[in-house]
Amino acid sequence: MNIVNSKILFLSFTLLLLLQSSIVESDSICLSSGVASTVAMAAPGSVQKGDEEWRAILSPEQFRILRQKGTEYPGTGEYVNFDKEGVYGCVGCNAPLYKSTTKFNAGCGWPAFFEGIPGAITRTTDPDGRRIEINCATCGGHLGHVFKGEGFATPTDERHCVNSVSLKFTPAASSL
């Protein structure tokens, strides 16, 4: 077997293991061992596009973060020190993700929220088990990571560390 075939086999096996071991959960969706519970919002993955379609509607930086799981530099995002009332949605598909009432200042350099809108966020444990990735449940866009037990005085003791580039803010007057 040549080296290219070996790498493809290794990557395929790794992906299979990740799919079998990943747990995706949110407030109104829980996928574990292939069994799904009730979904209150649009079904996960209901907005599906190829890379070329995403590139046509996203800026290069949005594509890098949402579709390639990138991270913006800390302190550079539009919504880090933003405190207006409204809803933060996915910049890729416009699905509502977070209410402004759940945003707090974690001092981490990225917008921080203590919970998402029920059914809007999926969670997947990274392969090394150290972090939990959060994605838009509707289009699968990468948002950032969630951290638990850091001692913040929030109702959930969770910090959703979200890339500003992944978000689109809608003021309260025209939001949900």
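Here, residue 1 is simply the first one shown, and the rest follow in order.
Each Cβ is built from the backbone N, Cα and C atoms, and glycine gets one as well.
Taken from Swiss-Prot, the feature active site, nucleophile applies to Cys161. Counting every protein chain shown, 21 other Cβ atoms lie within 10 Å of the Cβ of Cys161 (active site, nucleophile).
Look at Swiss-Prot and you will find Cys90, Cys93, Cys136, Cys139 tagged as Zn(2+) binding site, backed by sequence analysis. A simple way to gauge crowding: the CB of Cys139 (Zn(2+) binding site) has 22 other CB atoms within 10 angstroms, across all the protein chains here. Under DSSP, Cys139 (Zn(2+) binding site) is assigned to coil, being neither helix nor strand in the three-state scheme.
Cys108 (disulfide bond) carries neither a helix nor a strand DSSP state and counts as coil. The disulfide bond feature in Swiss-Prot is assigned to Cys108-Cys161.
Annotation comment: Swiss-Prot describes 51-172 as domain 'MsrB'.
Marked as signal peptide by Swiss-Prot on the basis of sequence analysis: 1-26.
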Test of understanding: give the count of other CB atoms lying within 10 angstroms of the CB of Cys90 (Zn(2+) binding site). 25
Need one number: mean pLDDT over the domain 'MsrB' (51-172). 96
Among Cys93, Cys108 [recorded positions], residue with fewest other Cβ within 10 Å: Cys108
